[in-house]
Amino acid sequence: MSILEGRRVLLVEDESLVAMLAEDMLIDLGCEVVVAMRLDQALRRLQAGDFDAAILDVNLGETRSYPVADQLFERCIPFLFATGYGSAGLEPAYQAVPVMQKPYQKDQLEAQLRHLLTCEAVSRGADSGARVFTCGCALNSKDPGAAQIRAD
């Protein structure tokens, strides 16, 4: 059984074709997918359900998905941004969040999700909105800094 089998994934994507393709890939990987195409819809779906992970398009028309990201941080749900702009298009407070460059293929999506499900966002930094991630895959490292990635 794959680590992805049966995982509930929130997919936030405003482009219908991209959303359909990503949803199909996630279903092929064994995930249960909940799609949201607008910010308000994403926030409602997040509040209404339990998720194992999320994939967020950064730009949702005239708005950004950062309020969803903030809720995911609060609930300790691992997530990544999927964007055509790469990490350069992110606000500084979100620079430590994993980014998957669009367009992406199924094997890239699978690799990112596998890694994401072993690395969780566990808290925000105490100052200036920084985010701190603790990676389960790095916890066995003898380097104490290996388990944390910090973006200020």
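Just so it is clear, glycine is given a Cβ too, placed from its N, Cα and C backbone atoms.
Quick look at what TrEMBL annotates:
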DOMAIN    8-117  domain 'Response regulatory'
MOD_RES   ASP57  4-aspartylphosphate
Reported mean pLDDT - the domain 'Response regulatory' (8-117): 95
Number of Cβ atoms other than its own within 10 Å, given for ASP57 (4-aspartylphosphate): 25
DSSP helix/strand/coil residue counts for the domain 'Response regulatory' (8-117): 51 helix, 27 strand, 32 coil
